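Q: This is the structure I want to talk about, given as structure tokens.
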Amino acid sequence: MERKFERLQEIIESHQGKVAHLIAILQEVQEEYRYLPEEVLTYIATAMKVSPATVYGVATFYAQFSLIPKGKYVIRVCDGTACHVRGSEPIHFALRENLGLTGGESTTGDMQFTVETVSCLGACGLAPVVVINGDEVHGQTTPESIVGAIKRIVSLEKQGESKSPSETGCCQNA
Amino acid sequence: MSSNGKLIIDGREIDIQGEKNLLEIIRRAGINLPTFCYHSELSIYGACRLCLVETDKMGLVAACSTPPQEGMVIRTNTLRTRRLRKMVIELLLANHERECTTCSRSGRCKLQLLAHQLGVKEVRFGKRDKKVPLDLTSPSIVRDPNKCILCGDCVRMCKEVQGLGIWDFAHRGSKTVVTTAFDKELSDVACVNCGQCVSVCPTGALTVKSEIDKVWNAIHDPDKIVVAQIAPAVRVALGEEFGLNAGEDVTGKIVAGLKLIGVGRVFDTLFTADMTTIEEANELLVRLEKNENLPIFTSCCPAWVKYCEQFHADLLPNVSSCRSPQQMFGSVVKKYYAKKLNKRPEDVFVLSIMPCVAKKFEAQRPEFTTGGVPDVDAVLTTVEIAQMFKEASIDFTALPNKAFDNPLGVGSGAALIFGASGGVMESVVRYVSGLTGGDEVGRIDFLPVRGMEGIKKAYVKAGGKILKLAVVNGLANTEKLISMLKSGEASFDAIEVMSCPGGCVGGGGQPEVNDTVARTRRAGEIYEMDRVQQLHKPQDNYFVVKAFEEWFGGVNNHETHHALHTTYVPRRRINGKPFIMNDSQSQRLQVSVCLGTGCYLRGAYDVIKEFNDLAENRGIAGQIEINGTFCLEKCDNGVSVNVNDEIITGVSPENAGEIFINKISPLVDKNLR
């Protein structure tokens with residue numbers, strides 16, 4: 001984590017602490033931490049000489065920013081019109097059931113998986129689409145195929161061969 | 001945009017007189033277009049859409065954010081504009097909790113008023129179904145999000161006038177709310193309780209925390225005697241709550257009203273304001289002689305004191321140690337006057353009537369107690385005391401004038417002007433001039449410090465020395481002045497700070513409308529009252545001089561320091577968890593470096609880096625855990641570091657190595673053994 005704190009300061013300095021760069025700074029910081037922790041946002045406000053309420057306002061305005069921790073694997077199920085009519089709902093349901101997510105939960109207790117929906121990924125020809133960590137695209141998915149993909153990730157994790165989240169660019173929002 | 005020329009408003013030709021927007025011209029033309037989000041003292045936001053007008057070339061525009069143009073044809077009153085205005089109100093009402101009769105803003109609510117004025121008889125849209133909890137954590141301000149109409153007035157007031165930015169918009173679309181950072185409770189953020197947000201809030205979303213019931217209970221308690229004090233700015237504003245003009249002097253009526261509702265003794269805060277001047281001026285003279293802790297900052301304004309504790313802890317030694325007049329009064333009553341009454345401090349209920357909301361916070365500070373009970377038991381704002389009179393069915397305007405009780409009911413003109421920005425400074429000038437110049441000095445009217453200007457500077461000759469003085473109102477202006485001071489751009493001997501625009505006459509507890517016009521009128525009347533006051537300088541107040549002799553055996557001595565002075569503590573701005581920067585293994589030596597603003601600006605980040613490098617170099621990185629933390633509340637002494645629960649202050653990037661070698665690495669060695 002120490003390395004990441006240095007990174008935080010580096011990010012702010014690379015933008016010369018300019019308030020106009022706040023969104024870019026938040027994006028880069030989120031890439032480091034996988035979310036925007038409260039203390040980090042307060043630190044950014046302090047370093048940039050703006051009020052913490054302003055930083056909080058910007059961070060909550062955009063859907064791409066998250067103030068709660070996300071899992072190592074962020075799974076986005078497209079629920080745009082095309083994906084929806086071709087059965088994104090059963091896929092979403094199967095994913096949540098398989099990962100044991102209940103109620104309003106979107107992240108698993110072990111912080112491995114986060115399941116979200118997204119309005120359109122612009123890949124309607126491949127509907128229904130699921131994207132894992134921003135770069136792993138699964139097209140024409142079925143509940144069975146997506147559960148299979150999750151099982152592969154889990155077994156890779158067990159073998160300890162998995163890619164680290166920063167390599168997969170986990171927090172790139174679509 | 002042209003600064004002159006003519007335009008047509010509803011068929012009438014009107015001159016443009018340099019106005020920056022249509023709204024100002026339309027209002028000058030006698031058409032009082034309604035607005036929620038327009039305040040001439042704040043930036044233009046254009047969100048409420050109530051000032052929509054039709055123009056010939058641009059169609060529908062918001063008058064507040066449209067610059068005037070030569071030859072424009074404007075219609076303010078068309079079928080369309082009336083329909084739209086009505087609909088705006090309806091839409092706002094649909095999202096607003098409509099329990100109007102029990103709302104503390106009822107009767108003074110702008111939304112209620114405009115709904116009535118614009119003839120809204122029915123709300124065609126649904127009701128909000130969810131009720132969000134109220135924030136009752138602040139001693140001064142209550143936030144009810146269910147009543148917020150998102151006009152953003154509080155956001156801009158706090159940011160632009162006070163420079164704090166406690167409020168801001170969060171989330172988006174239908175989920176938008178005005179809230180604090182991280183939706184924290186108001187008592188957990190840097191709010192200084194000035195109440196200016198309450199002043200501009202058009203609805204009951206932000207209101208003053210009421211202490212009326214507590215006061216009624218004390219009045220009706222046969223074992224207690226209620227002793228009231230009235231601040232200077234209240235007497236020129238209270239009449240507004242009963243339909244009188246801003247700035248009308250109603251001192252005698254307030255005294256009469258208080259007696260009528262059963263207050264035992266009615267005294268004047270002016271008495272202890274004179275004490276404040278005398279103590280503070282003597283403190284200044286001592287500091288000038290020793291040439292230490294200059295400039296002196298006044299300490300009468302509790303919002304400024306909290307601001308300084310949070311943002312400029314290094315300046316705390318400069319803040320006068322004098323208690324504010326309110327707290328001096330409480331202390332004097334509980335420590336000395338109670339004995340005269342043969343009462344215990346807890347049986348004397350000190351009621352304070354103030355133009356201020358932050359005074360409620362001040363009264364609850366733990367420093368201000370006598371024998372374990374608070375010096376001031378309840379603080380009511382100008383609006384609250386008017387409410388009590390209304391509850392008691394008192395015909396206020398018909399009340400006869402009554403005089404204050406003795407001995408704490410006498411004050412000089414110098415104390416009266418405490419109510420306006422510059423008053424404390426002028427009072428100090430009067431005292432010092434009288435002290436050095438003797439009787440032949442006569443009356444001193446120190447005009448350069450008067451008026452509504454944000455930052456005022458003045459020079460005065462006293463005892464062969466020229467003193468540089470500054471008077472500032474509004475915390476954004478204060479921040480400007482402090483940065484000038486810190487950069488060496490300006491230097492002063494004494495600075496008066498009042499957080500509210502115009503000083504206490506513009507306090508957060510004053511009646512609406514609380515704008516520059518009202519503030520100027522109130523301040524004008526205060527100076528008018530001072531002009532005819534026989535007691536001009538604080539030392540002319542025989543009762544105060546006698547009190548100093550009788551109770552304290554003099555001024556600015558050990559006794560007065562016990563009863564009339566106080567101390568300050570650095571305070572964190574926001575409550576939060578420690579910020580872990582190193583993988584946690586609890587067996588290791590815990591080192592936390594403060595990353596609060598004060599420490600950050602003094603190079604806390606470089607200190608962490610230095611510590612990390614040294615730990616690495618010395619091969620003890622595995623035995624030590626270096627964290628960042630938010631504010632150890634020792635902000636006045638450079639970067640603070642907490643090592644195994646012991647706080648080391650005064651760390652800087654320059655001495656970080658030395659501190660690490662002498663104070664941190666020996667502990668690691670001990671841990672290993």
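Every residue gets a Cβ built from N, Cα and C, even glycine.
Please treat TrEMBL annotations as automatic predictions, because they have not gone through curation.
Keep in mind the model is a prediction, meaning the values are calculated, not measured.
Grabbed the feature section from TrEMBL, which reads as follows:
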type	residues	note
BINDING	A:Cys78, A:Cys83, A:Cys120, A:Cys124	[2Fe-2S] cluster binding site
Q: Work out the three-state DSSP category of A:Cys83 ([2Fe-2S] cluster binding site).
A: helix
Q: Within 8 Å of the centroid of the Cβ atoms of A:Cys78, A:Cys83, A:Cys120, A:Cys124, which other residues of that chain place their own Cβ, given that this set defines the recorded [2Fe-2S] cluster site?
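A: Close Cβ neighbours, site residues excluded: A:Asp79, A:Gly80, A:Thr81, A:Ala82, A:His84, A:Ser88, A:Val118, A:Ser119, A:Leu121, A:Gly122, A:Ala123, A:Ala127, A:Pro128, A:Val129.
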Q: Non-local Cβ contacts of A:Cys124 ([2Fe-2S] cluster binding site) (under 8 Å, 6 or more apart, same chain)?
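A: Set apart from A:Cys124 ([2Fe-2S] cluster binding site) by at least 6 residues yet with Cβ under 8 Å, we have A:Gly80, A:Thr81, A:Ala82, A:Cys83.
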Q: Which residues does A:Cys78 ([2Fe-2S] cluster binding site) neighbour through Cβ under 8 Å, counting only same-chain ones at least six apart?
A: A:Ser88, A:Thr117, A:Val118, A:Ser119, A:Cys120, A:Leu121, A:Ala123, A:Ala127, A:Pro128, A:Val129, A:Val130, A:Val131
Q: I need the most crowded of these binding-site residues: A:Cys83, A:Cys120. Count other C-beta atoms within 10 angstroms of each C-beta and give me the top one.
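A: Going through A:Cys83, A:Cys120 one by one, the largest Cβ count within 10 Å is at A:Cys83.
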Q: According to DSSP, folded down to helix, strand and coil, what is A:Cys124 ([2Fe-2S] cluster binding site)?
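A: Going by the DSSP assignment, A:Cys124 ([2Fe-2S] cluster binding site) falls within a helical segment, counted as helix.
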